[in-house]
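Enquirer: Okay, here's the structure, questions in a sec.
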Amino acid sequence: MFLTDLDSIIFYSTFATYKKVFLLSMNKLIIFSAPSGSGKTTIVRELLKCKDLNLSFSISTTSREPRGQEQNGIDYYFISVEAFKKQIENQEFLEWEEVYTKTFYGTSKKEIERLWQLRKNILLDIDVFGGINVKKQFGTKALSLFIQPPSIDILRQRLENRQTDSAEKIAIRLAKAQKEMEQAIHFDQIIVNDNLATAVAQTEKIIRNFLEK
């Protein structure tokens, strides 16, 4: 059978749509968002130990410099500001945000496709507004979780105890945290991280219920 140009367009468009639907039918997204210092990363690491949940972590792309022992391709994909902007122009991100001036974070479409092909349930650790956007895109296929500190004062203590930021940077983070916490109502579930073990157990239960639907 010979296909006209229009037939070819319809065929390949339909195939691409079918492939996406097929992959989505087998995988779900779990979105984690939180103010910096809320303990989100620690909770995610604990959940990844639950092998029966078939979870895989989506590595975000960022333009910031690595911190401490962070490694490229494991913690983040570290690229320059110029390279990040180029990927924005090429529409290579599922979502992205300029979290601070010239500090970009984003979720690469290629990273999501890589994990879908492995038939994994994907954990996204992303900015609050990015989390809201992804939830809108995927609807019931995505579970959005907001990890919240018990209070701003406790968050301040946590940020100070990390000893990785200046007083000025901490003030910026706290101001941003206030705005982010106002967006918590847009998430499916809010987990207050007052006690790590309790927060992990609560989050695991929520995820199990979601994956069983």
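Residue numbering: from 1, along the chain as shown.
Cβ from N, Cα, C; glycine included.
Keep in mind that TrEMBL annotations are predicted by a computer and have not been checked by a curator.
Feature annotation from TrEMBL assigns ATP binding site to A34, P35, S36, G37, S38, G39, K40, T41. Look at TrEMBL and you will find 27-208 tagged as domain 'Guanylate kinase-like'.
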Enquirer: Other than A34, P35, S36, G37, S38, G39, K40, T41, which residues of the chain come within 8 Å of the ATP site, judged by Cβ distance to the Cβ centroid of those residues?
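Expert: Those within range, site residues removed, are I147, P149, N193.
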Enquirer: Of all the binding-site residues here, S36, S38, T41, which one's CB has the most other CB atoms within 10 A?
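Expert: Its Cβ has the most other Cβ atoms within 10 Å: S38.
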Enquirer: Taking each of the binding-site residues P35, G37, G39 in turn and counting other Cβ atoms within 10 Å of its Cβ, which one has the fewest?
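Expert: Among the binding-site residues P35, G37, G39, the lowest count of other Cβ atoms within 10 Å belongs to G39.
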Enquirer: Would you mind checking how many other C-beta atoms are within 10 angstroms of the C-beta on K40 (ATP binding site)?
Expert: 23
Enquirer: What is the pLDDT of the domain 'Guanylate kinase-like' (27-208) when averaged and given as a whole number?
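Expert: Across the domain 'Guanylate kinase-like' (27-208), the average pLDDT comes out at 93.
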